[in-house]
């Protein structure tokens, strides 16, 4: 066996980390980066630099390389592809041995894949487009506390999307008035109401008061309707200790579901909370506040499909996923891709939807995608078509903005939803025939009729900033 010797100095990254002959192992974590190199840096060197800086490399040769099996532990840039329609950047595919990462730690995965490498001078911009987590790593993660089927059983709701609403105005209401709004929405026909992402424990409404008034509203609406109801109580807090204190109180008063802002709250806190929810029989709703800071720039950051995968591993029963038709960013095909990534047990590579790798989730439960943001009754046919039954459709302004009040807004949405589901089940192409379906339903629902008149001119027709790259042929 040849004896390794140390040779000091700086050498090109490609000499160690560019390996086009490498065939990825089933146990490797695979990443696709979109790299925009600095002028004068060729593709192979840029790809190798990213592989090095996100795994074992540093800027110079170090003698301690001789104390480990560098060839085993290093990341390997094994393929490069053009980005269709954009010659300023390219895709680089990198394989990482599974032993580089702590088991069950999305924190550790992100620290490597999107850590210091994103400030590396050799690249002008860098975006993590997709990650393949091998089943060997998936099995080390807790995943959703309960998942879609368990939630349906807990809430006793089957055969349709779940219906929700974000209480508005999101800030400024007293706890008592907040609880009143919750009650009216639930009594009117919604399954859930929710805190908005920035409702924590402010001077105008402390968390414990909110929890108490909301629980009173839930219990009253359940008695009157005979249906299970819930409200996503946001337990996001300044410290993990305070977060768990709020979660424990929610459990104590009988709340079925709590909520966490998983990006601003942090992945460590989220994984811990998901584990707590699993142990304590609580459902967990996840808000994605701050995601667009990371995912909206098409050349730099982290694609939302990666944030979706990370959340499924970290744990959550719901995740906001965009609407396609509402006020928030979201290309239709890309959205369909990450919705499947949230719910399905196996997802095939499909470049037309931005999916770069097969992803096997094994027996890990799925996550409810949550459509929320600028939607109203006219969007219902498209939402039911796009998201299917295993989803949560949340109408904030589209409920509380009803001219007759919250209960009427909730009733309008419930009637619209059930009309669309019934028509779909009869074979009607509801996205195409939606106007007819809703108009017919409105004949027996004055609340729906008024809602349709109120929002008939409201559209959000802005071009998508982060478009899918043209599919490879």
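Cβ coordinates are placed from backbone N, Cα and C, and glycine is handled just like the others.
Look at Swiss-Prot and you will find 116, 166, 170, 288, 320, 372 tagged as substrate binding site, backed by sequence analysis. Residues or ranges marked as active site, proton acceptor in Swiss-Prot: 168, 287. Annotation comment: Swiss-Prot describes 194, 196, 197 as Mg(2+) binding site. According to Swiss-Prot, the N6-carboxylysine annotation covers 194. Per Swiss-Prot, the feature site 'Transition state stabilizer' maps to 327; the stated evidence is sequence analysis.
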Subject >> For substrate, whose listed binding residues are 116, 166, 170, 288, 320, 372, the greatest C-alpha pairwise distance in Å >> reply: 37
Original post:
Same-chain residues six or more away whose CB lies under 8 A from the CB of residue 194 (Mg(2+) binding site)?
Top reply: 164, 165, 166, 167, 231, 232, 234, 259, 285, 394
Original post:
Just checking, which of 168, 170, 320 (recorded positions) has the fewest C-beta atoms within 10 Å of its C-beta?
Top reply: 170
Subject >> Non-site residues, in chain order, whose CB comes within 8 A of the mean position of the CB atoms of 194, 196, 197 at Mg(2+) >> reply: 166, 167, 170, 195, 198, 199, 232, 234, 259, 287
Original post:
So which recorded positions are near residue 168 (active site, proton acceptor), with CA atoms within 10 Å, out of 116, 196, 197, 287, 288, 372?
Top reply: 196
**OP:** Under 8 Å Cβ to Cβ from residue 287 (active site, proton acceptor), same chain, six or more residues apart: give me those in sequence order, or none if nothing qualifies.
**Re:** 197, 234, 259, 260, 261, 262, 320
Subject >> Number of Cβ atoms other than its own within 10 Å, given for residue 166 (substrate binding site) >> reply: 24
Original post:
Hey, what's the Cβ neighbour count for residue 196 (Mg(2+) binding site) at 10 Å?
Top reply: 19
Subject >> Neighbour tally for residue 197 (Mg(2+) binding site), based on other Cβ positions within 10 Å of its Cβ >> reply: 21
**OP:** Would you please pick out, from the binding-site residues 116, 372, the one with the fewest other Cβ atoms within 10 Å of its Cβ?
**Re:** 116
Subject >> Close binding-site residues near residue 196 (Mg(2+) binding site), where close means Cα within 10 Å, chosen from 116, 288, 372 >> reply: none
Original post:
Sequence gap of 6 or more, C-beta under 8 Å: which same-chain residues meet both conditions with respect to residue 288 (substrate binding site)?
Top reply: 261, 262, 263, 304, 307, 311, 319, 320
Subject >> Local backbone state of residue 194 (Mg(2+) binding site), from DSSP in three classes >> reply: strand
Original post:
Which of the three DSSP states, helix, strand or coil, fits residue 320 (substrate binding site)?
Top reply: strand
